[in-house]
Ligand code: HEM
């Protein structure tokens with residue numbers, strides 16, 4: 001993703017907005033130094049794994065950022081998008097906005113494995129997604145921010161919630177409501193975040209299209 005100053009600015013807003021989004025519904029206080037004592041190399045381990053993944057998949061940073069967004073928008077940032085299907089239990093992965101387009105799961109698994117080697121049972125999957133999103137923005141040339149940590153992993157997955165993620169065909173009224181429902185009440189949040197999605201979606205896509213859903217969001221009345 002070769003970005004101009006415009007997406008840099010958008011990513012700056014993104015840092016604040018994603019933090020707000022992640023705090024939505026979280027009961028505990030998140031802090032930047034949560035793993036400083038228990039897993040001091042966590043940040044570097046995640047970063048190294050992402051850099052290695054990027055060597056064979058240049059789209060991975062964008063995909064990991066989107067994964068975090070799709071996790072946070074459904075019952076908060078609890079890692080529930082990572083849960084796999086079990087008998088009688090439909091998951092967020094199977095929801096329309098995720099099925100076939102949410103990607104990066106093997107890289108998240110690789111990060112988790114590396115962290116388990118270094119400090120078993122310490123870093124939550126929800127925090128891995130948050131760290132991966134922040135590091136992805138940073139490695140893409142965007143700003144760096146102190147991502148807040150200390151999330152607990154969710155034990156449930158909501159396919160209904162995931163099916164309610166913002167969709168490319170929805171009008172501004174509906175999108176405003178959906179962002180507002182997760183605590184992003186300022187229209188600026190919607191425009192900044194959707195603009196970021198539009199920009200990152202200029203990366204060559206598996207569909208070959210360069211028009212993202214969020215671009216449509218922004219141009220619809
Ligand atoms: C109005 C709200 C939004 C809509 C309707 C929307 C929809 C979409 C759609 C349909 C795609 C293409 C998925 C595919 O087929 O591969 C996409 C890509 C993407 N979106 Fe959004 N999005 C929105 C907001 C956001 C936000 C808030 C973020 C980040 C915080 C985000 C990050 C991304 C990224 C990084 C990609 C590229 C993913 C990849 O290449 O794997 N989007 N978006």
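Think of each number as a place in line: the chain as shown, counted from 1.
Keep in mind that glycine also has a Cβ here, set from the backbone N, Cα and C atoms.
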Candidates 92, 94, the one TrEMBL lists with 71, 74, 76, 78, 80 as binding Ca(2+): 92
Cβ within 8 Å of the mean position of the Cβ atoms of 71, 74, 76, 78, 80, 92: remaining residues of the chain near Ca(2+): 70, 72, 73, 75, 77, 79, 81, 126, 154, 157, 158, 161, 162
Spatial neighbours of residue 70 (active site, proton acceptor) among the recorded positions 39, 92, 119 [C-alpha, 10 Å]: 92
Spatial separation of residue 71 (Ca(2+) binding site) from residue 77 (disulfide bond) - C-alpha basis, Å: 6
Inter-residue C-alpha distance, residue 119 (disulfide bond) and residue 80 (Ca(2+) binding site) (nearest angstrom): 22
In the chain carrying residue 74 (Ca(2+) binding site), residues 6 or more apart in sequence that have Cβ under 8 angstroms from it: 80, 81, 92, 158, 161, 162, 164, 165
